[in-house]
Amino acid sequence: MEFIVIAAVIVVLAVVLAVLLVPRRRRGQVAPPAPRPGVDYQPGVGDDATAPVEEQRTPLSDVQLPEAEPAEAPVEPVIERPEPAAGRLLRLRSRLARSQSGFGKGLLGLLSRERLDEDTWEEIEDTLLTADLGVTPTQELVDRLRTRARVESIASPDAARTVLREELVALVDPSLDRTLRTERHVEDGRPAVVLVVGVNGTGKTTTIGKLARVLVAEDRDVVLGAADTFRAAAADQLTTWGDRVGVPTVRGPEGGDPASVAFDAVKAGIEQEVDAVIVDTAGRLQTKVGLMDELGKVKRVIEKHGAVDEVLLVIDATTGQNGLVQARVFGEVVDVTGIVLTKLDGTAKGGIVVAVQRELGVPVKLVGLGEGPDDLAPFDPEAFVDGILG
Ligand SMILES: Nc1nc2c(ncn2[C@@H]2O[C@H](COP(=O)(O)OP(=O)(O)OP(=O)(O)O)[C@@H](O)[C@H]2O)c(=O)[nH]1
């Protein structure tokens with residue numbers, strides 16, 4: 001019996017030992033080295049640290065690659081294509097009629113009165129002066145009208161309109177050459193250079209943007225020069241105008257030398273063989289001497305490339321007589337070749353056209369009739385007078 005108990009204890013101990021020892025031996029075992037891809041076997045898709053090497057692997061040659069995603073097409077900026085500007089003043093006549101109707105209709109009403117007495121002539125004179133026609137042109141016009149009233153019957157509205165129209169057109173002077181020189185020079189292929197000057201806020205930058213559109217509509221290649229380095233936003237504004245019609249803008253660092261930007265713009269225009277380079281300038285008048293020195297320098301530096309073709313003076317029509325003073329100051333420094341009268345949609349003082357032409361002896365070539373991109377029109381005396389008379 002004792003023997004049996006001892007034998008049973010031995011069996012139990014043996015079982016316990018077997019259970020305890022077997023796992024310990026396994027933990028101590030050194031695992032065989034993992035086969036190395038590329039050394040011990042051809043690497044396959046799906047090889048990674050955890051994948052059992054025994055797993056079936058796909059050879060590279062059998063791998064199906066996903067179809068290449070079609071490359072996203074670059075978003076082309078939408079380049080606007082404005083309508084040509086010829087006859088635009090006629091189309092914008094309603095703008096003139098709206099802003100100048102007081103002036104035109106008032107004159108017509110007075111002139112078609114049955115009796116043109118001295119009081120009426122005085123009223124006519126006052127109306128013309130209020131419209132900023134200026135003293136001398138007003139006197140000339142009243143004298144002409146008086147003469148015609150004496151020799152012709154102008155008492156009917158139709159007759160008064162015909163006479164007034166003829167006399168106003170003559171005063172605006174259709175004989176002046178209003179061509180804008182924006183064509184490439186035939187002799188050497190150099191682009192036309194247009195320098196735009198004027199007091200700040202008159203609408204220079206806006207006018208250049210609109211003018212670029214006019215030229216693009218006529219199939220011309222244009223480069224813009226942002227030489228108003230005084231106001232960083234002016235260069236941004238100009239660049240935005242240019243981008244809309246695919247016209248590049250040359251600009252410099254804020255506060256940089258305007259003459260250098262203007263020079264670079266013309267240089268770029270020559271290299272790119274464009275038709276016209278339009279240069280914007282700063283226009284702060286509070287430092288009159290500084291401003292004028294700067295303008296003179298810009299012009300001189302540009303002229304190292306060749307003569308400037310147009311110097312356009314931008315005048316805000318709503319500033320009245322002040323605009324004339326500005327015209328005088330600018331005229332002393334640069335040879336102005338044309339006037340751009342902006343904001344004519346916002347004033348009844350259309351007489352400024354005549355006054356400023358007389359002041360500078362140069363023609364109004366363009367007029368601004370609104371803030372819209374195509375609200376700039378080549379000036380046409382007859383369409384202008386028709387707009388005034390409604
Ligand atoms: N109603 C009207 N507004 C205009 C016309 N032309 C320009 N403007 C507005 O006048 C404001 C001034 O125009 P800008 O082009 O910035 O003037 P700027 O002369 O370049 O001014 P600086 O860059 O400060 O020298 C803007 O709000 C234009 O939209 C126009 O013919 N009619």
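If you go along the chain as it appears here, the first residue is 1 and each next one adds 1.
Even glycines carry a Cβ here, placed using N, Cα and C.
As annotated by TrEMBL, region 'Disordered' applies to 28-76. According to TrEMBL, the compositional bias 'Low complexity' annotation covers 66-76. Here TrEMBL flags 198-205, 280-284, 342-345 as GTP binding site. Residues annotated as domain 'SRP54-type proteins GTP-binding' in TrEMBL: 363-376.
Structure with TrEMBL features highlighted.
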residue : record           : Cβ contacts under 8 Å, 6 or more apart
Gly198  : GTP binding site : Lys204, Gly283, Leu313, Val314, Ile315, Gln326, Phe330, Val340
Gly201  : GTP binding site : Gly283, Asp316
Thr281  : GTP binding site : Leu195, Val196, Val197, Lys204, Ala227, Asp228, Pro258, Ala262, Glu294, Leu295, Val298
Arg284  : GTP binding site : Val199, Asn200, Phe230, Leu291
Leu344  : GTP binding site : Arg95, Leu96, Ser99, Ala317, Gly350, Val367, Gly368, Leu369
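Across all of the domain 'SRP54-type proteins GTP-binding' (363-376), the predicted model scores a mean pLDDT of 95.
Here the compositional bias 'Low complexity' (66-76) has no Cβ contact under 8 Å with any residue of the same chain six or more residues outside its ends. Its own atom aside, the Cβ of Lys204 (GTP binding site) has 25 Cβ atoms within 10 angstroms in the protein chains shown. DSSP places the residues of the compositional bias 'Low complexity' (66-76) in helix, strand and coil in these numbers: 0 helix, 0 strand, 11 coil. According to its DSSP assignment, Lys204 (GTP binding site) is helical. Mapped onto DSSP classes, the domain 'SRP54-type proteins GTP-binding' (363-376) shows 0 helix, 6 strand, 8 coil.
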